[in-house]
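Peer 1: Structure below; questions to follow.
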Amino acid sequence: MLRFYLFISLMCLARSDTEETCPSFTRLSFHSAVVGTGLNVRLLLYTRRNLTCAQTINSSAFGNLNVTKKTTFIVHGFRLTGSPPVWMEDLVKGLLSVEDMNVVVVDWNRGATTLIYTHASSKTRKVALILKEFIDQMLAEGASLDDIYMIGVSLGAHISGFVGEMYDGQLGRITGLDPAGPLFNGKPHQDRLDPSDAQFVDVIHSDIDALGYKEPLGNIDFYPNGGLDQPGCPKTIFGGFQYFKCDHQRSVYLYLSSLRDSCAITAYPCDSYRDYRNGKCVSCGASQNESCPLLGYRADNWKDYLREKDPPMTKAFFDTAEENPFCMYHYFVDIITWNKNIRRGDITIKLRDKAGNTTESKINHEPTTFQKYHQVSLLARFNQDLDKVAAVSLMFSTGSIIGPRYKLRILRMKLRSLAHPERPQLCRYDLVLMENVETVFQPILCPKLQMSLWFPSDLAELRELSEVLRDYRKEHQAYVFLLFCSAYLYKQGFAIPGSSFLNVLAGALFGPWLGLLLCCVLTSVGATCCYLLSSIFGKQLVVSYFPDKVALLQRKVEENRNSLFFFLLFLRLFPMTPNWFLNLSAPILNIPIVQFFFSVLIGLIPYNFICVQTGSILSTLTSLDALFSWDTVLKLLAIAMVALIPGTLIKKFSQKHLQLNETSTANHIHSRKDT
C-alpha cells in the first residue's frame, strides 16, 4: 500500500490542459482533481465511418451506432490528474482495424478524477447502472447481448463486471485489463469482476503486488512475467511516475499488441509462474483442438474448451520483451548428460541464423540438476524469431566464483520451437561444455522417430540420414571408424547376411575409394573369422543341416583342386551358393586358409565396388530428378562396366581350365531357390 500512496502523492504534480477541438474524451485540470467532480458519464461512439472524431450518443440518440454489429465498450479507471488515457486513441483504432464494429468509449472522467481513490471507486456501480440503461435501449432496438463486449481497465474492469451481473452473465465477453486491487481484494464475487459476469471473461494481471488484483477473476487469467515487475519498467522510485503506473498500464499495451499483426503472444496454462519458468507447463494438452491460448483480442478461441472445465477457470503464464510488440519466442532445450557425478547449474543459449542475426536467452530457471542419462527439459525465451538456425552456442555455469571449473558432458541436445512446432527439431550429440566457456556448434536435424530403429523410406530420409552420419563422423572420426569396423566384422564373422547395406553406408561415410579399400579388407578379415569359427565349432552343424549342398560343393571343389584359387574366384563372381554358406563350408572342403583369404579379397572387389560407388553417389543426390539425370546414369553405367571386366576374364579362364557341370549347377541353383 505504501507504493500506492506514493503514487497518489507524486501524481499531484501533474497538469493538463483543457483545450478541445472535437467531441472527445473529457480533459480536466488538476484543480478538478483537487476539489473533486460529480459523476457525469459520456458515451463516445467511434466507427469506421467516424474513426478520428467521436459522436456523443445516449439512449435517445444512437448516431452511427449499428445495433446489428458487435459493440465494444471501453471503460477506463481511476484518473488522478484528469488527463485522458494516453492509450485510448490507439485502442479505439486497433479495435476498428481488426473488425467492423461499434466502439463506445465510456467517459466517466468526471467522477474518476479525484485525489481520493475511494471517491472514484464508490461511483463504479452508478456508472454500471448508466451503462445498463443504454444497453437496455440497444436491446430494444434489436441488439443482442451476445454482441456486447466490454473492455475494462483497472476500476473499469469491475464496472464491466457489475454490468454483466445485471444481465445474469449473458454479455458476450468481458476483458479485464489489470483489474483494480485496492478496496476490491478479498471481496465476494458480487462486489468485483467474476467469471459468471459474462459468457467469457479473460483477464490480464500485470501489477498484482501494487495496483492490480492478484487472484483469478475470469475464465482465463493471464499473468505476464508472473504478474509482477514488467520488463522495461523502472525498478526504483527514481523512475518517477513511470515507477508507479508502468506495470499497471502494461496490461493495456499487451492487449494493444494483440490487435497488430507483428506477432501473437502465446500463453501457457500452469498452476504457478515457478512451474512455468521451470518448463513444466508448455503443453496445452491433447484434450482440446485449440492450440495454446493467445493473449488479448483472440483469447476467446479458448472459450468453448474452458466451458467444459470444472471449474471453468485457468491461469496462464508467459514472458514478454521490454518493448512493443513484447513478443518472446519459446524453445524447449532437451539435454541428456552422461557425467559420472551430478552437476548443478544454469545454461545460457544463443542462436544464429545464416544471415548472422543472433539472439540470446539465459534460461532463468532454478539451478538445474543434471544426472547421468536423465533428460532435463529447459524453457528458453528469445526476443527474435530466427527461422533457420545455422549455429547454436551453449554455456554452462555453476555460479561458483571460487572452486574447480566443471565440465558438463552432453550426450544429446535437442532444440524445438514451441511457437512454430512445424519447424524441424535440431539436435547435437556428444558435446563437452567447459564451465563459463561458450561452445559454438552447428546443429543437425533430429531423427524423425526417436528411441526406435528406423530405415529411410524415401530419398529425403536417405539424405537426412546421410547428413547426420557425415556430421557425426566429422566430430568423431575414430569412434565412427571403430564402430563401423566392429559391426562389419561381427556381421561377417557370424555369417549374417546384409553386407550390401554396410557397403553402401561405407561409400556415404568414407567416400568411394577409402570405402572400397575398407570394405574389401573387412570382408576378407570377417570371412576368415567365419572360416576359423566354423572350423572349430561349426563343421558338424553345417553338415547335419545342409548335407546335399555340402556334398555338391565338395564334389566341385575336388574336380577343380588343381585350379582351386581360380575356382574360388569364380564362386565369388558367379556364386553357386551364397557367400555366407561358402564361408562356413570352406573348412569342411579343406580349402587352405591363405587361398580362401585372397579369393575373398579379390573375388568380391567388383561387388564391393558397385555397392560403395552407389552409396557415394546417393549421398550427393539432392532430388529424384538428380537420380535419373544423365550424369548419374552414366556414372552407374561406368561402374557396371568396370565391375564386369574381372568377371569376364575369370569366366573365360574357367571355361578352359575349370570343371563345371552346368546341369548339376543349374539343379543346385534351382534347389537353392526352393529353400
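Cβ coordinates come from backbone N, Cα and C, glycine included.
According to TrEMBL, the protein has these features:
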{"type": "DOMAIN", "residues": "35-326", "note": "domain 'Lipase'"}
{"type": "DOMAIN", "residues": "496-616", "note": "domain 'VTT'"}
{"type": "SIGNAL", "residues": "1-18", "note": "signal peptide"}
{"type": "TRANSMEM", "residues": "389-406", "note": "transmembrane segment"}
{"type": "TRANSMEM", "residues": "478-498", "note": "transmembrane segment"}
{"type": "TRANSMEM", "residues": "510-533", "note": "transmembrane segment"}
{"type": "TRANSMEM", "residues": "564-582", "note": "transmembrane segment"}
{"type": "TRANSMEM", "residues": "588-611", "note": "transmembrane segment"}
{"type": "TRANSMEM", "residues": "632-650", "note": "transmembrane segment"}
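For the listed features, I'd like the structural context: burial, neighbours, distances.
Peer 2: When Cβ-Cβ distances below 8 Å are used as the criterion, the transmembrane segment (389-406) is approached by residues 343-354, 367, 413, 415, 426, 428, 431, 433-443 of the same chain, each at least six residues removed from its ends.
Long-range neighbours of the transmembrane segment (510-533) within the same chain, counting only residues 6 or more positions beyond its ends whose Cβ lies under 8 Å from a Cβ of the stretch, are 484-485, 488-495, 499, 502-503, 579-580, 583-584, 586-587, 593, 596-598, 600-601, 604-605, 608-609, 611-613, 615-616.
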Peer 1: Under the DSSP assignment, what numbers of helix, strand and coil residues are found in the domain 'VTT' (496-616)?
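Peer 2: Across the domain 'VTT' (496-616), the residues distribute as 102 helix, 0 strand, 19 coil.
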Peer 1: In this predicted model, what is the average pLDDT of the domain 'VTT' (496-616)?
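Peer 2: Here the predicted model's pLDDT, averaged over the domain 'VTT' (496-616), is 81.
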